[in-house]
Protein chains: 2
Amino acid sequence: MYRSHTCGELNAAHINSEVTLAGWVQKSRAKGFMTWVDLRDRYGITQLIFDSERTDATVFEKANTLGREFVIQVRGRVIERESKNPNMATGDIEILVSELTVLNAALTPPFTIEDNTDGGEDIRMKYRYIDIRRNPVKESLIFRHKVSMAVRNYLSEKGFCEIETPYLIKSTPEGARDFVVPSRMNPGQFYALPQSPQTFKQLLMVGGMDKYFQIVKCFRDEDLRADRQPEFTQIDCEMAFVEQEDILDTFEGLTRHLLKEIKGIEVDKFPRMTYDHAMKTYGNDKPDIRFGMEFGELNSVAQHKDFGVFNLAELVVGIAAPGCGEMTRKEIDALIEWVKRPQIGASGMIYVKCNEDETFKSSVDKFFDQEDLKKWSEVTGAKAGDMIFVLSGKADKVRAQLSALRMELATRLGLRKPEEFAPLWVVDFPLLEFDEESGRYHAMHHPFTSPKPEDMALLETDPGKVRANAYDMVLNGNEIGGGSIRIHDKETQALMFKYLGFTEEEARNQFGFLMDAFQFGAPPHGGLAFGLDRLTAILGGQETIRDFIAFPKNNSGRDVMIDAPSIIHDEQLKELNIRLETAK
Amino acid sequence: MYRSHTCGELNAAHINSEVTLAGWVQKSRAKGFMTWVDLRDRYGITQLIFDSERTDATVFEKANTLGREFVIQVRGRVIERESKNPNMATGDIEILVSELTVLNAALTPPFTIEDNTDGGEDIRMKYRYIDIRRNPVKESLIFRHKVSMAVRNYLSEKGFCEIETPYLIKSTPEGARDFVVPSRMNPGQFYALPQSPQTFKQLLMVGGMDKYFQIVKCFRDEDLRADRQPEFTQIDCEMAFVEQEDILDTFEGLTRHLLKEIKGIEVDKFPRMTYDHAMKTYGNDKPDIRFGMEFGELNSVAQHKDFGVFNLAELVVGIAAPGCGEMTRKEIDALIEWVKRPQIGASGMIYVKCNEDETFKSSVDKFFDQEDLKKWSEVTGAKAGDMIFVLSGKADKVRAQLSALRMELATRLGLRKPEEFAPLWVVDFPLLEFDEESGRYHAMHHPFTSPKPEDMALLETDPGKVRANAYDMVLNGNEIGGGSIRIHDKETQALMFKYLGFTEEEARNQFGFLMDAFQFGAPPHGGLAFGLDRLTAILGGQETIRDFIAFPKNNSGRDVMIDAPSIIHDEQLKELNIRLETAK
């Protein structure tokens with residue numbers, strides 16, 4: 001062992017002990033006959049002291065040649081510090097060094113190893129192994145480990161069995177794009193990397209495993225939006241002989257346990273909200289309910305005057321921004337420009353200031369009187385001192401626009417507090433959604449999701465109205481998990497494939513094994529999957545997932561540290577029976 | 001919930017309770033006015049009784065239509081069984097059924113769901129979801145989960161942090177063949193799936209994570225030998241600021257913990273054996289030391305007579321087969337044929353029978369007298385009643401042959417007891433091994449393994465003699481884990497690449513990131529990896545890993561259940577910028 005103790009554990013109780021420490025030079029400073037070095041490892045920082053009177057001359061000299069991030073080993077005696085640092089675990093002591101070994105020298109790091117580094121994203125990613133030394137990254141990775149362990153221990157105690165499913169599986173055209181892997185032993189054929197272990201976990205239920213989970217990498221070859229990764233981690237779960245209520249109970253239990261265990265926070269029973277209600281009230285199927293600002297639909301109180309913009313709109317809807325009544329005209333104009341940006345796409349925005357004297361001042365005073373505006377304030381729940389913002393247009397679009405505004409205002413107003421947690425379930429998702437591009441219905445969740453039995457008849461007449469036994473867990477405005485009760489009989493599954501536009505042959509080729517399995521005694525079953533990257537980030541009070549992933553890829557799917565992907569040898573291509581399309 | 005209890009928990013204490021159970025029909029039998037059904041789930045079997053006097057007529061009728069593996073739900077009252085079954089957890093009770101629902105009918109399963117099934121390997125794999133219902137498979141998967149949890153909890157308590165490393169990495173020509181993944185976003189470039197997270201775990205050490213582990217899938221595109229899988233699972237571990245001794249201590253601790261926790265077995269401190277000693281004594285670097293039969297080298301006592309076969313041999317070596325003195329001539333001849341098979345490749349075998357009266361009878365009595373043979377018995381440790389078998393030839397080959405014979409005899413003699421565990425460390429592996437085919441040295445472990453400092457000088461003069469700081473953990477004749485202390489400075493690593501035949505440019509292209517990392521403050525570090533599939537199988541007392549993997553692939557790398565790999569759409573190929581070599 002290169003050390004008797006770590007750099008985070010020595011305190012007054014160790015005074016006069018002889019110790020050996022090893023770690024990185026965080027910084028050093030010399031003053032007259034003294035040199036101090038902060039020695040860092042994963043566990044903390046310990047101050048070393050080299051004193052020209054008490055330290056051997058060659059050791060003292062060597063100490064003054066140490067650069068930042070040198071890896072060193074020291075032997076010395078724990079002594080009481082003159083100026084104690086109560087903010088440091090080891091702040092009462094320092095080490096009077098008698099022996100010093102440089103285990104490895106270091107070039108000057110390309111950025112500072114501090115909580116707030118001077119390194120930009122690109123250079124931090126290139127030298128991720130240095131970046132990881134910084135507390136925020138290091139602590140995020142340790143935090144992720146704690147979350148994973150808490151999940152595993154909780155589910156394991158509840159009788160869930162973690163079962164590894166294969167990574168080399170079969171490509172299916174449904175859903176997102178697969179990453180594929182050419183098979184050398186089966187020329188011309190390809191494996192696919194799993195987008196999720198969906199069919200395998202269902203087969204485990206057919207196999208009687210009863211309660212399954214797995215923390216597992218999944219892969220999607222999609223054009224990467226910000227904060228998406230081509231490989232991501234799911235907490236994947238499935239249970240047999242359950243109804244929706246059992247799943248919600250079980251995984252609400254898991255999430256409450258995590259919040260308690262990891263954050264020390266007790267939360268009440270999760271509220272449940274239908275998809276329709278969430279869309280109507282928050283314009284969003286993953287509402288952040290840490291704050292109010294619920295939508296008020298104003299059609300009945302805003303379409304009776306001569307204001308054509310409203311009268312022509314499918315939906316007129318507003319929110320009350322708390323305490324925003326004193327916004328200046330300039331601020332309001334900037335906000336109107338914000339909602340008119342192409343990403344949001346509103347054509348304009350009406351505002352109503354709620355004065356302290358219970359009068360109103362709006363941008364549509366020409367059309368609406370005080371009584372009208374009072375009604376608007378009642379519907380949106382606005383109070384004196386608030387500002388009401390109103391959008392109008394096609395219902396779907398205007399809800400999405402107002403939802404974006406709601407989130408933006410809440411962020412600006414500091415209402416999205418990272419250490420406050422407001423989970424909920426959104427239930428009764430539509431089974432299908434219409435895709436304009438392909439002109440047909442797609443599965444909103446996936447093709448294995450069970451329709452609600454009472455809505456089955458609608459499949460023929462009004463497919464968009466069919467609700468699924470599908471549910472999402474939402475935390476602070478993020479979908480952290482989602483799942484469904486599955487179809488477990490061959491007939492319904494075949495029908496579903498038919499409605500989704502599969503020919504019988506396609507369904508057979510791609511999912512024949514699953515439909516076969518349903519004929520050999522499949523139990524009712526269902527489950528869900530959490531996104532571990534996102535879940536961990538949110539529990540950690542962060543908005544982005546990147547620091548909770550040890551070696552993330554950039555937005556082009558590259559690992560800039562190892563420089564992957566890369567070209568491979570012609571011989572490899574030949575063995576795999578493929579060639580590059582561009583190669584002539 | 002479809003059930004109030006599982007099929008494994010009801011006993012006499014529940015008598016008169018109303019319960020709801022759900023599960024699979026294991027079997028049913030009717031006799032007169034009674035029908036019994038064994039209802040099975042993951043947790044056990046509960047007997048149901050339908051009694052034409054006490055059961056509703058339609059329920060009774062329905063009960064008689066149930067086929068094997070039907071999925072049913074029943075409601076009924078727990079009653080005392082007339083003929084109790086003390087071998088069953090639920091053997092004191094049965095359920096007098098009042099309600100019966102068929103949740104799903106089932107076709108007749110293609111093989112019996114019994115511990116000893118009538119299904120062959122192929123059909124079991126095609127219908128793996130049915131195979132998993134069988135106790136041996138189900139219990140193996142649950143056992144694997146227990147082993148994984150025990151590993152995670154132990155390492156976590158010891159301060160190890162599980163960190164997920166990427167699956168989409170960079171292809172390197174060194175080592176086994178990579179599976180590659182074409183990148184759509186980076187046309188003409190490929191990711192590789194990791195053969196192990198080797199470089200990433202080393203970078204985590206450079207990043208100061210100090211103690212890392214991960215239970216992780218790894219991939220090797222090799223021609224599959226029996227009981228190898230293209231994807232396999234490692235318990236991958238790495239520690240910083242450690243020497244070999246620290247690693248051996250730590251992971252001996254883990255293994256002792258597993259044996260205690262999982263098997264209830266306490267083992268002594270693991271013996272350590274050098275690679276050279278293992279090869280000399282067992283002909284094998286992963287000796288099974290549950291039994292003796294150590295090699296006796298006979299050169300000095302067998303090369304002084306006129307027996308040319310021996311005199312020309314580099315090595316004459318024998319083992320004593322305990323209690324085999326009474327083997328018939330026919331049995332001996334069969335054994336000689338066995339060692340002469342091409343897989344073993346011996347050219348012949350000499351035997352010496354050790355009679356109870358301390359005389360000897362050998363197949364070379366023409367050349368050797370009783371005194372010679374007595375010496376052979378002393379060297380091989382043979383006792384009266386044993387049979388000595390002697391092989392001769394080139395040392396490497398003859399050791400491998402005698403090792404194969406030793407294992408075969410031990411198996412036949414019942415000396416390889418599955419519930420006995422004899423772990424050991426094999427240490428001081430050679431750093432390099434000469435590859436006849438390429439005419440150069442290859443890294444025996446991998447190119448990141450540190451040579452023993454005292455052997456560094458030999459690198460120039462006698463590379464094959466350089467020992468590495470490398471070690472294997474061996475359990476019952478299987479290598480279950482292996483690792484090394486790593487090189488942690490750029491110069492040594494560059495030197496190593498040079499000795500392995502890399503040009504400077506190749507080394508830079510493939511491992512530049514690692515050598516860069518070594519310049520920014522890399523601590524001394526080392527680690528090891530266990531093969532989880534094998535470890536679990538051995539702990540489970542089994543020889544093959546297949547039943548410890550939920551969905552294994554066959555020897556052609558196919559998943560016969562889902563029929564993967566498979567062809568993919570031309571459009572997919574086009575998007576990936578590749579085409580099939582055979583496509584015209």
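Yeah, the Cβs are placed from backbone N, Cα and C, and that goes for glycine too.
Caution: TrEMBL annotation is automatic and unverified by curators.
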Feature region 'Aspartate' in TrEMBL, mapped to one of the ranges A:198-201, A:358-361, A:434-437, A:446-449: A:198-201
ATP binding, same site as A:Arg220, A:Asp221, A:Glu222, A:Glu479, A:Gly531, A:Leu532, A:Asp533, A:Arg534 - TrEMBL member from A:Gln229, A:Gln542: A:Gln229
For the region 'Aspartate' (A:198-201), distant same-chain residues with Cβ under 8 A (at least six beyond the ends): 165-166, 169, 212, 214, 236-238, 446, 448, 511, 513-514, 527
Per DSSP, three-state class assigned to A:Glu222 (ATP binding site): coil
Spatial neighbours, same chain, of A:Arg486 (L-aspartate binding site) - Cβ under 8 Å, 6+ residues apart: A:Gln202, A:Phe448, A:Thr449, A:Ser450, A:His525, A:Gly526, A:Gly527
Pairwise Cα distance for A:Arg220 (L-aspartate binding site)/A:Arg534 (ATP binding site) [Å, integer]: 16
Local confidence of the prediction over the domain 'Aminoacyl-transfer RNA synthetases class-II family profile' (A:144-552), expressed as mean pLDDT: 95
Per-state residue totals over the region 'Aspartate' (A:198-201) - DSSP helix, strand, coil: 4 helix, 0 strand, 0 coil
Spatial separation of A:His445 (L-aspartate binding site) from A:Glu479 (ATP binding site) - C-alpha basis, Å: 13
Local backbone state of A:Arg534 (ATP binding site), from DSSP in three classes: helix
Max CA-CA distance, Å, over listed L-aspartate-binding residues A:Glu174, A:Arg220, A:His445, A:Arg486: 22
Count of other CB atoms lying within 10 Å of the CB belonging to A:Glu222 (ATP binding site): 14
Spatial neighbours of A:Arg534 (ATP binding site) that are distant in sequence (at least 6 apart) but have CB under 8 A: A:Asn478, A:Ile480, A:Ile545
Distance in Å spanning the most remote Cα pair of A:Arg220, A:Asp221, A:Glu222, A:Gln229, A:Glu479, A:Gly531, A:Leu532, A:Asp533, A:Arg534, given for ATP: 20
